[in-house]
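Trainee: TrEMBL lists 1-17 with the feature signal peptide. Under the heading region 'Disordered', TrEMBL lists 24-45. What TrEMBL records for 224-630 is domain 'Peptidase S53'. Annotation comment: TrEMBL describes ASP578, VAL579, GLY608, ASP610 as Ca(2+) binding site.
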Amino acid sequence: MKNSFVLLAGLAASALAMPSGSHVLHEKRDTSSPHGWTKREAASGDTKVPVRVALKQNNLDKGMDYILEVSDPKSPKYGQHYKPGQVVDLFAPSQATIDSVQGWLVKSGISAENIKLSQNKGWLSFNTTVDKLQSLVKADYHVYESLFSRDEHLGTDEYSLPSDVAPLVDFILPGTTFAKATNAKRDNKKKIVSSIKEPVTMLSKEDEAEVRSIFNGTNFCDRLITPACIKAMYRIPDATLSNVTNPLGMFESLGDVFSQEDLEAFFQVLAPEIPAGTTPTLNLINGATAPNSPDQAGGESDLDFEMAIPIIYPQSTTLFQVNSQADIFLAFLGAIDGGFCSENPDRAPGEMCDTFQPTNVISISYGGSEYLVSPTVLKRQCNEFMKLGLQGVSVVVASGDDGVASPFGYCLGPHHDVFVPDNPSGCPYITAVGSTELPRGSKVGDAEVATTRFSSGGGFSNIFDRPSWQSDTVGKYLLRHNPNYFAYNTTDGVIPDKGVYNRNGRAYPDIAAVGDNGVVVVGGRLGLSGGTSMSAPIVAAIFNRINEERLNMGKGPIGFANPALYQASEQRLPLFTDVVKGDQRLGGAYGSRYPSACGNNGFSAVKGWDPVTGLGTPNYPAMLRYFINL
């Protein structure tokens with residue numbers, strides 16, 4: 001048996017109970033929903049395990065108010081973003097909280113020298129053994145095995161904390177939950193997948209020759225989406241600016257790593273203006289490595305860079321490569337805000353310490369299902385995205401490729417008909433991007449439709465309430481285009497007995513872009529790929545281009561874009577091209593072979609905002625005019 005484990009991803013629900021001695025139940029796993037894990041033998045007591053305690057932070061109840069002050073165009077403080085130190089001071093736990101939790105650990109036998117406080121003061125971390133951890137939190141830890149990847153994970157079905165400590169702690173890791181995110185890869189061997197539709201379809205020799213001959217044309221955009229097609233579809237001119245403070249950030253993880261040879265081959269054929277040697281700046285987190293050789297190329301990473309770089313060049317890109325199979329978002333967020341860092345300079349091996357600055361725009365093509373992560377972890381993660389928004393960072397996330405289902409074909413509820421929201425798309429502080437396509441036989445300028453090979457992810461969060469900035473727009477959708485499904489109202493992921501979606505939840509996606517038939521080079525070969533992870537870097541690149549123009553005018557980055565986007569829609573400004581055709585009848589790991597859309601067609605694209613394509617696809621010139629005048 002292995003002597004170390006990555007932390008368990010699973011389904012959990014916070015709970016409170018009457019004290020058992022001095023301890024109260026803090027979290028308990030909900031085992032009623034499928035999660036793809038087999039509980040195996042008890043964990044060996046002498047196994048060493050790193051433990052992290054998430055401390056309760058201050059002022060999080062005011063987070064939405066703070067971010068609207070700097071993100072709402074109607075606010076006199078629009079664009080006056082916070083400095084990193086200001087954000088730390090605003091939300092840091094009280095010293096009393098830190099002292100109380102640390103005091104409990106010391107009294108329980110954890111040496112004070114072993115306990116480290118993160119730089120953002122939000123975490124306490126220490127190393128111990130399974131035996132000591134079980135005694136500390138009154139839990140029984142087991143090895144859990146993934147039914148898909150056969151990975152081993154350490155976790156528990158429930159754990160408890162002292163009654164005076166519990167109110168000061170969000171959660172403990174490892175515990176009932178550690179977010180195992182997905183990269184939406186179409187790989188039926190894996191429970192967790194990415195927003196790219198794989199395997200990549202390699203082109204025939206005839207099609208490959210055609211691509212090489214028409215790289216700068218737009219006559220075949222209904223079959224082959226090239227950089228020239230994307231620029232023509234969204235009226236994006238060639239870039240000329242390259243502010244040194246404005247590289248485009250790309251998040252990659254789950255062992256998916258780009259190939260430099262693939263990028264250069266792609267540029268040579270489809271973007272010859274980009275010189276050989278153009279490569280991202282490498283920010284390698286927790287021992288990650290990059291790039292890979294073509295035979296080990298990651299289809300997700302190659303796709304992300306190949307979609308974005310031709311839009312922003314001569315601007316550069318920055319790679320945030322996270323070496324993790326579990327806590328990929330928290331690991332990333334910790335590496336840029338000090339959450340994994342200790343004020344003690346004697347850090348654990350591989351522990352990041354505020355090493356990397358966030359870029360103004362970060363594209364994320366990874367995600368999973370809300371129900372697989374406890375509400376406490378989801379809220380913690382979402383609040384970290386809020387903090388980035390306060391600092392002027394735009395986080396752009398793929399909305400998923402499974403419509404209203406999970407990437408594994410699951411739906412919730414006793415009848416398996418309840419829709420499954422996406423994580424992190426359900427977080428109100430990110431911009432979620434759905435996917436579209438040009439129908440066969442159409443040309444650039446014709447109406448796009450929702451993707452038909454897979455279903456653009458979209459719906460309503462079961463954790464997060466609908467934010468004020470989208471209330472009017474989504475309210476009109478529900479009034480004018482009632483989906484005709486029974487709805488419910490919920491928070492914290494509690495699924496009522498009746499209804500299939502949360503009518504009052506945060507609605508997503510926010511915007512859409514072309515997401516299929518993308519020409520890529522992966523493994524040294526030209527091929528076709530797609531997914532909302534094709535769409536997200538396109539939108540992120542557009543945001544990056546807008547920031548270039550704002551910075552050139554002496555203004556700051558756009559930051560959290562959603563309040564401005566929805567206001568523009570309410571004002572009927574032409575920032576978007578509406579998408580009115582398509583639905584979410586496909587979804588889940590097995591596509592159309594199973595009733596993956598929870599026994600129905602999911603939501604449909606309609607006039608105005610909808611849960612398939614959001615506000616529509618971008619009109620770059622109008623979007624640029626709008627934002628440079630804010």
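The backbone N, Cα and C atoms fix where each Cβ goes, glycine too.
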Trainee: Other residues near the Ca(2+) site, CB within 8 A of the CB centroid of ASP578, VAL579, GLY608, ASP610?
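Mentor: The surrounding set, listed in chain order, is VAL580, ALA605, VAL606, LYS607, TRP609, THR613, GLY614, LEU615, GLY616.
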Trainee: Check ASP610 (Ca(2+) binding site) against DSSP and tell me helix, strand or coil, would you?
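Mentor: In the DSSP reduction, ASP610 (Ca(2+) binding site) maps to strand.
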Trainee: Just checking, which of ASP578, ASP610 (binding-site residues) has the fewest C-beta atoms within 10 Å of its C-beta?
Mentor: ASP578
Trainee: Highest Cβ count within 10 Å among the binding-site residues VAL579, GLY608: which residue is it?
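Mentor: The residue with the densest Cβ neighbourhood is VAL579.
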